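A.B. asks: Handing you a structure now.
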Amino acid sequence: MASTRSIELEHFEERDKRPRPGSRRGAPSSSGGSSSSGPKGNGLIPSPAHSAHCSFYRTRTLQALSSEKKAKKARFYRNGDRYFKGLVFAISSDRFRSFDALLMELTRSLSDNVNLPQGVRTIYTIDGSRKVTSLDELLEGESYVCASNEPFRKVDYTKNINPNWSVNIKGGTARALAAPSSVKSEVKESKDFIKPKLVTVIRSGVKPRKAVRILLNKKTAHSFEQVLTDITEAIKLDSGVVKRLCTLDGKQVTCLQDFFGDDDVFIACGPEKFRYAQDDFVLDHSECRVLKSSYSRSSAVKYSGSKSPGPSRRSKSPASVKRGGHHASAYSAARSPVNGTPSSQLSTPKSTKSSSSSPTSPGSFRGLKQISAHGRSSSNVNGGPELARCLSPEGVNGNRCSESSTLLEKYKIGKVIGDGNFAVVKECMDRSTGKEFALKIIDKAKCCGKEHLIENEVSILRRVKHPNIIMLVEEMETATELFLVMELVKGGDLFDAITSSTKYTERDGSAMVYNLANALRYLHGLSIVHRDIKPENLLVCEYPDGTKSLKLGDFGLATVVEGPLYTVCGTPTYVAPEIIAETGYGLKVDIWAAGVITYILLCGFPPFRSENNLQEDLFDQILAGKLEFPAPYWDNITDSAKELISQMLQVNVEARCTAGEILSHPWVSDDASQENNMQAEVTGKLKQHFNNALPKQNSTTTGVSVIMNTALDKEGQIFCSKHCQDSSRPGMELTSPVPPSASAEEPPVSAPAAAPAPLESPTPPGTPAASGCERAGTWRRHRD
């Protein structure tokens, strides 16, 4: 500011010293005197606008100014990703003040746990000849490649630049350039189904529910993704963006044409893990009455083709109805007590799919044709003829699939025990040994464009084999589906082990921590970080001799650590401070989550929580790392346990202990824990603070839900951090201190559940027999 003023003063001093040769316009010049021509001769000082210094600004026309402000459009690709079609960014000085700001935005848009896990750090030209180091080097209409710290990978990135919007277009840049008119006509024909239509979208959650009316026509419905964006802006879900739309019959909307069918009312759900309750698809009498009056008023303009450019018009009615309202649903769920949604868990909602998939739904798996999903229908619960046809030796289109034939020969396939967004789980029994497993069937057509996420998860499962980790027994593949034979754990999760037992001591908690630390030491030895350690992913395995152990599952967010990671993901209650701070993190984020779990095991509530259910408050507490052991809940807990928790919950990553140090700590290894029964106290607090700690009717469903999840279900858990959270951007919603409803798998019941009898689950291969000191009902401590 001071330099600017000094320049202005120097300018005026120069004007005083050197008068302009000409006087005011229309005044005659004087040959001999300077009294009339000089600026001071007539006592007038010319305006700065007339000075030579300001003549520069007069030459900059409005056209020049507008061209300077105009945004440059450029397309960005991921380094080495030949299946990514690129993302177009509008780059302007107003949007990006610096080159680092552009890198940060590209990281949020292009980075995930497989591609660019360390964020975007380098931008190459499309041919890799040079690096881009400033915003001025980016040119209008050019393409660039984003990388972390790795060298440029030479791939023909522009090969798949034109997406196949129509199933009749075979794609390819060459054909698009050769016959643009034909492609354009085909695209136009594919949208002939679009007619002006007024639809009602109801937000999921507790009643009364907000509803909005949206006009769909050729001006407002360009693509399915664009309509979802408009619905997100209109309905404003508490949990962020709208990820899923269903009709009142429970059928999922998968493409743009589904909006123009017989259905007029849709249910909108966000990225939270949510299983639909039966009454979510049923409108009460007041909602039907309000909707009827609303539609009677709007029927005259329903097909008039409004000229308003806006995509939606809000309705003050709480809900809407569909054709008089006959809706049936067989879905059941446990809904979070806060706003009716399990907000903290950020997985894609679990919905039961319709038995017939939409014929207009686009889908391909690396060029393979899509076929209808098998085994989804409720009439085929035993996996009979349909599964046999799916796994028949003839395969698909007459091609033999020896893998599927081998699968049927080796295993007896039973009924469906779990149905998720991208996978279905069936009972599976080894014909030779009689051991029970879970068969996870992933539909490749539903993973189109995101196959790398599934491949990453499966590649990690192939590598790990440990008694405290749910094991991938076998994998097989056909042209349309991926089959994973998984270890089936029937004992429920960590909370079930506490709430369903008659006695729970500090020693039991110590054994649970030992099991978890044992699994983490193994994973970290392979440089694998789990990133989603929480009680819902820790399943209880009960052995024939009555002993128990924990098994870690759900590797959807797991990845191999080759350097600092920057993807902000996880579950708020268990997320480490370095993830929130976005300073880069590694293996020890799992240790922090284990420390939070250890704290909960001994008192029943988390160490960091927001009394006002605000995510910002929770993150501030985690970043501060102020750990307290309030009385009277911690009065009877040993100092050794408190010491270990303090070492695990160190904000300083270097000071935080490792998994090996946890195993060697006296509280874990030397039986420094007490035998006092604290089952009633801990169970009471768990039921108060965690909705998934309520007793379940069937503990097997907990293990099935963990197996049913895929890496694609985890996309919603990559969230906006504390630094980028605002009211207009979807972020991670918090239910504090209630963590995620990992378990909205079973509806809560009021009657207390009896302690389950030990299950005759088979002992996994390689599991050592229980030592003599491990009596029935105690926890096993597997020694590596």
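Keep in mind that glycine also has a Cβ here, set from the backbone N, Cα and C atoms.
On a predicted model such as this, the values are computed, not experimentally measured, just so you know.
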A.B. asks: Which of Lys410, Lys435, Lys440 does Swiss-Prot put in the same ATP site as Ile417, Gly418, Asp419, Gly420, Asn421, Phe422, Ala423, Val424, Val425?
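C.D. replies: ATP site check in Swiss-Prot: besides Ile417, Gly418, Asp419, Gly420, Asn421, Phe422, Ala423, Val424, Val425, the record includes Lys440 out of Lys410, Lys435, Lys440.
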A.B. asks: Per DSSP, how many helix, strand and coil residues does the domain 'Doublecortin 2' (197-280) have?
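C.D. replies: Per DSSP, the residues of the domain 'Doublecortin 2' (197-280) fall into 20 helix, 26 strand, 38 coil.
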A.B. asks: Write down the Cα-Cα distance for Asp532 (active site, proton acceptor) and Ser664 (phosphoserine), rounded and given in Å.
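C.D. replies: A Cα-Cα distance of 24 Å.
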A.B. asks: Express the predicted model's confidence over the domain 'Doublecortin 2' (197-280) as a mean pLDDT, rounded to an integer.
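C.D. replies: Taking every residue in the domain 'Doublecortin 2' (197-280) and averaging pLDDT yields 77.
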